[in-house]
Amino acid sequence: MRNSSLTIHFYTTFSSNITRLFPPKQPFKFTTLSHSLLHFKHSYISPIPQKYDFAKLLQLSPQANPIVHYKKTHSQLIVSGYGSDTYLTNMLIGVYAKCDCFDSACKVFDEMSERNMITWSSMISIYSRRGYSEEAIGVFLEFRRSCSENPNEFILASVLRACTQLNGGEFVGQLHCFAVKCGYDKDVYVGTGLIDFYSKNVGVEVARLVFDELVVKSAVTWTAIITGYVKSGQSDVSLRLFSQMKETDVVPDRYVISSVLSACSVLGFLQGGKQTHGYVLRRGTEMDVSVSNVLIDLYVKCGKVRTGRKLFDLMVTRNVISWTTMISGYMQNSFDWEAIKLFSEMSRLGWKPDGFACTSVLTSCGSLEALEQGRQVHAFTIKDNLDKDEFVINSLIDMYSKCDSLTDARKAFGNMVNHNVVSYNAMIEGYSRQENLSEALCLFHEMRARTVHPSLLTFVSLLGVSASLHALELSMQIHGLIIKCGVSLELYAGSALVDVYAKCSFVKDARLLFEEMNEKDIVVWNAMLFGYAQQSESEDALRLFLKLQNTRHKPNEFTFVAVITAASNQASLPHGQQFHNLLKKAGLDFDPFVTNALVDMYAKCGSLDDARKIFNSAIWRDVVCWNSMISTYAQHGQAEEALKMFDGMINEGIQPNYVTFVGVLSACGHVGLVEDGFRHFNSMFRFGVEPGTEHYACMVSLLGKAGKLSEAKDFIEKMPIQPAAIVWRTLLSACRITNDAEVGKYAAEMAISIEPEDSGSYVLLSNIFASKGMWADVKSVREKMDCNRVVKEAGCSWLEMNNKVHVFTARDKSHPESNLIYMLTDDLIYHIKGLDYVPDTATVMNE
């Protein structure tokens with residue numbers, strides 16, 4: 001009767017549990033299960049359910065509340081006296097792990113009185129799969145102490161996975177030796193585990209030795225070795241392995257395909273990626289979302305952004321990685337507006353962008369200087385608690401810096417808990433872009449005080465601002481720090497140093513650095529060429545260009561701008577025409593920077609028709625291009641054409657700038673258009689241009705050439721800014737033309753008081769006195785020059801003959817034919833005197 005009562009109690013409890021587990025919508029045929037659980041004999045219920053009945057219950061996978069089902073089954077199992085059964089408890093550990101009920105699985109394991117190989121294998125596998133690597137190894141060591149059996153291949157594979165996560169090199173060596181001893185080194189599971197460990201922690205070459213010894217290889221094995229080669233930077237080997245894999249019976253799974261596509265992406269091997277894509281399509285199976293993501297990444301990294309977007313649009317299922325990959329692809333390929341639009345669409349459709357998506361779109365906002373959109377993304381990051389993410393904050397600093405909102409950038413920088421080199425670089429670059437040297441240096445000092453090691457970008461940013469400000473001493477100090485860091489001749493630092501020394505007029509030092517660099521790219525060559533061009537070392541620039549042509553580097557548009565500028569400085573039309581022909585062959589003649597340089601070159605060489613042809617053929621004319629033509633006509637005295645160009649510029653909607661009005665006012669000054677000059681001068685404010693020193697000098701020249709010296713003097717004294725020496729020298733030059741010694745003397749005194757070391761003011765005043773025969777005053781000016789240790793710059797001229805430029809400097813005898821030249825000059829002077837020529841005494845200071 002006791003057994004019968006227990007059986008009836010179990011029957012009642014179990015049937016009620018079944019009813020709860022299987023609701024009416026999913027009818028449950030109890031008679032079938034009761035027949036398997038309860039055996040009727042002579043019309044009464046049999047004793048307690050058997051072991052296999054509980055096994056069947058544990059094998060069930062109810063869709064609703066599986067954990068409740070397994071816990072109730074566990075309870076009945078204990079009540080029925082099977083709580084210590086190793087077979088059933090092993091099943092319980094497995095089903096609890098499957099339902100992510102990890103604590104219950106551990107509790108069952110801890111309470112087991114007897115454990116077998118399956119028990120230990122299951123527990124070690126559960127720990128290693130969940131990332132509890134130390135616990136997995138701990139259980140393995142306990143197994144070795146308490147069990148006399150040797151571990152099987154499944155235990156070894158799980159322990160190897162745990163060691164891979166922990167980088168337990170010494171322990172893995174012991175496991176490998178044990179596997180070899182027990183004959184498991186050829187096992188596919190153990191071998192795959194060893195390959196994964198060695199490729200991630202030791203070296204892919206060691207992993208390859210294990211791989212080659214395996215007789216049987218699974219898709220996971222191929223994935224491990226292919227991924228290992230990809231991560232080690234040997235993507236070409238991984239592609240060869242994939243080709244070998246396709247010749248076997250192993251069918252590549254999504255992990256293998258993803259690894260192969262990643263290899264193609266790293267190599268920029270678009271054709272290989274397309275072939276792999278075709279292989280996936282030929283299999284006729286629907287692409288997994290991870291494979292689609294890697295394909296999109298491949299196409300956008302290879303510049304095929306539209307193909308990547310087409311794949312993105314065809315995806316049935318997307319995840320956050322899909323959206324992030326596409327947004328990042330747009331950003332990397334400078335499709336910045338598309339990146340912003342896609343980010344907006346992602347948010348609108350309910351997706352939550354992660355830190356990577358926010359970082360990419362903030363970079364796009366910075367590139368476009370889209371401050372408003374950047375602020376909106378910033379607000380989103382605050383709302384979703386992403387504003388503390390290190391990458392997001394660095395992107396915010398960079399975005400605000402590029403949008404010239406340094407106050408907001410500094411706030412974002414201040415909100416960081418741990419500042420790193422990236423955040424410091426972003427702030428220093430922002431200040432450098434605005435030429436705020438003091439703030440950039442303060443941050444640099446703070447960076448070093450906090451022992452944050454500067455990177456190459458830190459030095460390049462500081463060199464950029466010191467070059468623009470011609471801060472030579474600072475540049476030399478930075479150079480010293482770079483040498484201490486051992487990167488002085490590194491490509492980017494080297495080019496920055498070449499640029500800064502060249503801009504600071506230390507071209508020889510720049511050339512020494514240039515020659516010491518073992519590796520040079522076209523940027524370094526361009527920096528040196530521009531250095532020579534900017535310092536009017538035109539011959540050296542042309543010789544360096546010839547040297548460049550003998551290297552593997554291909555000149556780009558900036559190279560040609562530099563050498564065309566050098567040809568302009570020499571007024572060498574033949575050289576300029578040769579460079580123009582080279583540009584046409586290279587297909588760079590329509591570049592806006594090149595167009596501007598060509599216009600300037602032809603103008604300086606006196607070929608106005610060619611300059612106008614280049615201007616008219618330009619596809620895109622910016623304000624620089626218009627300024628070149630206006631200045632060209634102004635310098636050649638064609639004021640009417642210059643003013644027509646200015647009107648055409650306004651009609652095309654081009655906003656004039658500071659340089660534009662210098663050209664316009666110069667044109668008016670050359671032909672004495674006083675009224676037009678004042679009209680354009682007064683209109684500057686309407687275009688948002690504030691008059692500067694050059695504009696006031698042009699107006700003084702305009703009044704002076706019109707003979708209105710007193711008005712010019714009054715104009716200077718009423719200037720809203722402090723008159724520079726050039727303004728007074730302009731008035732002095734006008735006095736030289738009209739021989740007005742009184743105003744000229746006053747103008748000279750004012751100019752000399754501002755710039756006592758400049759020889760121009762002394763020479764102009766001396767010429768005025770000489771023209772009036774005031775030789776005592778001439779002598780006084782000479783003595784004042786000597787007293788102030790002012791030396792007149794030697795006159796220089798050059799001429800081109802037989803494709804060679806000959807430079808002549810006053811009293812210089814360095815030319816190889818100087819004796820012959822001086823002899824011919826004396827002969828020429830002798831013949832001139834024979835024609836009763838009277839020299840201009842006003843040029844006495846120029847002899």
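Think of each number as a place in line: the chain as shown, counted from 1.
Here the Cβ of each residue, glycine as well, is placed from N, Cα and C on the backbone.
All annotation found in TrEMBL is predicted automatically rather than curated by experts.
Summarising the annotation, TrEMBL assigns repeat 'PPR' to 85-119, 218-252, 319-353, 420-454, 521-555, 622-656, 657-691.
Averaged across the repeat 'PPR' (622-656), the predicted model reaches a pLDDT of 89.
Long-range neighbours of the repeat 'PPR' (319-353) within the same chain, counting only residues 6 or more positions beyond its ends whose Cβ lies under 8 Å from a Cβ of the stretch, are 289-290, 292-293, 296-297, 299-301, 303, 305, 308-309, 312, 360-361, 363-365, 367-368, 370, 373, 377, 380, 384.
Below 8 angstroms of C-beta separation, residues 390, 393-394, 397-398, 400-402, 404, 406, 409-410, 413, 461-462, 464-466, 468-469, 471, 474, 481, 485 of the same chain, each at least six residues beyond the ends of the repeat 'PPR' (420-454), sit close to that stretch. Under DSSP, the residues of the repeat 'PPR' (420-454) split into helix, strand and coil as follows: 26 helix, 0 strand, 9 coil.
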